[in-house]
Amino acid sequence: MGCFHSTGSEAKKRSKLIDEQLRHDHERCVGEIKLLLLGAGESGKSTIVRQMRILHETGFNKQEQMAYRPVVFSNMVQSMLAILKAMQPLNISFTDAAREEDARMFISHFLHVNNAELSEAFSLELSDLMKQLWMDEGVKKCVKRAHEYQLNDSAEYYFNALDRISSSSYLPTQDDILRARVKSTGIVETTFMYKDLCFKMFDVGGQRSERKKWIHCFDSVTAVIFCVALSEYDLRLAEDQTMNRMHESMQLFDSIVNNCWFTETSIILFLNKMDIFEERIRYTPLTVCFPEYQGGMTITETSTFIQSRFEILNKRQTPAQKEIYSHFTCATDTNNIRFVFDAVTDIIIRNNLYLCGLY
């Protein structure tokens, strides 16, 4: 009996040592997660980073919220200017002729105003001008044709909240911040803890001029999260009006997924801006981007087709490398990103353990 007890104790000790070694190997192998956030300009990368701050840090304090005031103001001004300047080329008239003078006053006011001067609340005169313009059906008609010129996705959201935003006590909300458009330049690193792991997320500027900086981030990358704006299928690049944005994203994804730097890196595809895509696909057929498409116009059929166009670009051969982990996302929806990132984390951990021979 004593001999049996001794053998059992030894077995327990060995089991405990093995468990400790496995835990040590797991921490050594997985410990720090380096995520590279890539994609073309305006695909939603920076919004994903802001969501990580909301979900896994403390969000934005009052000082940081205040810092977004001029960003929101500037976004609104630039959006209204873009709309007003697009109306004539698109042959769209104001419903109320009085708005012509309002438009001239608005454009004239901002000819020599820089972003620094937008740090305070809109003046009463300016907010009234914007309200009158936004109420005009001609302006709203122009917004519906935003695929024919360059307009921020957030324009309609902000203009519908004009009364709140034009208040002298305005403090940007979490949703306002998530929708703020700030062009990414250089490389922005965000560090946070999740599931006892240290994540380092690198957001890289998506415009063509910024991409040469990506190479410096390639070392020891755990996973690449590649963002695509589904809603860009009928848009042109801001920096090259001859290039369809979706085609540009596909070329970029091809160069990333088949890059020798990423042979042992998990590739995660975020098919983003699902909410905008769902609205746009109702009146702009997918064939404007993919002439070969012969399916229906439902959100499921069209989004799945775009997913397949990206996944087929993957030429990696081994079973461990071949899978692309695709997710349909709405980067401004915190609950959606919470759910998706949880699934992404599990994929990353599992793949890392596999590469370390622990899975």
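Cβ atoms here come from the backbone N, Cα and C positions, even for glycine.
According to Swiss-Prot:
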- 39-46, 178-184, 203-207, 272-275, A331: GTP binding site (BINDING)
- S46: Mg(2+) binding site (BINDING)
- 31-359: domain 'G-alpha' (DOMAIN)
- G2: N-myristoyl glycine (LIPID)
- C3: S-palmitoyl cysteine (LIPID)
- 34-47: region 'G1 motif' (REGION)
- 176-184: region 'G2 motif' (REGION)
- 199-208: region 'G3 motif' (REGION)
- 268-275: region 'G4 motif' (REGION)
- 329-334: region 'G5 motif' (REGION)
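Residue counts for the region 'G1 motif' (34-47) by DSSP state, with H, G and I taken as helix and E and B as strand, are 3 helix, 6 strand, 5 coil. Within the same chain, residues 44, 47-48, 51, 54-55, 174-175, 178-179, 227, 270-275, 340 sit at least 6 positions outside the region 'G5 motif' (329-334) and bring their C-beta atoms closer than 8 Å to a C-beta of that stretch. Here the region 'G2 motif' (176-184) sits apart from the region 'G4 motif' (268-275); fewer than 3 CB pairs are under 8 Å, leaving out pairs fewer than 6 apart in sequence.
Away from its own ends, the region 'G1 motif' (34-47) comes close to residues 153, 178-179, 181-184, 188, 199-207, 210, 214, 217-218, 220-229, 232, 237-239, 245, 248-249, 252, 256, 270, 272-273, 329, 331-332 of its chain (Cβ-Cβ under 8 Å, at least six residues beyond either end). Here the Cα atom of G39 (GTP binding site) is found 11 Å from that of S46 (Mg(2+) binding site).
Neighbour density for G39 (GTP binding site): within 10 A of its CB lie 25 other CB atoms from the protein chains shown. Shown are the binding-site residues V182, V204, A331; of these, the residue with the fewest other Cβ atoms within 10 Å is V182. Cα to Cα, L178 (GTP binding site) and the residue listed as 'Mg(2+) binding site' are separated by 9 Å. Here the region 'G2 motif' (176-184) is broken down by DSSP into helix, strand and coil counts: 4 helix, 0 strand, 5 coil.
Counting every protein chain shown, 23 other Cβ atoms lie within 10 Å of the Cβ of L178 (GTP binding site). Checking Cα-Cα distances from S46 (Mg(2+) binding site) against the binding-site residues (V182, V204, N272, A331) with a 10 Å cut-off leaves V182, V204, A331, in sequence order. Listed in sequence order, S43, G44, C227, V228, A229, L230, T329, C330, A331 are the same-chain residues at least 6 apart in sequence whose CB falls under 8 Å from the CB of N272 (GTP binding site). It is S46, among the binding-site residues S43, S46, whose Cβ has the fewest other Cβ atoms within 10 Å in the structure shown.
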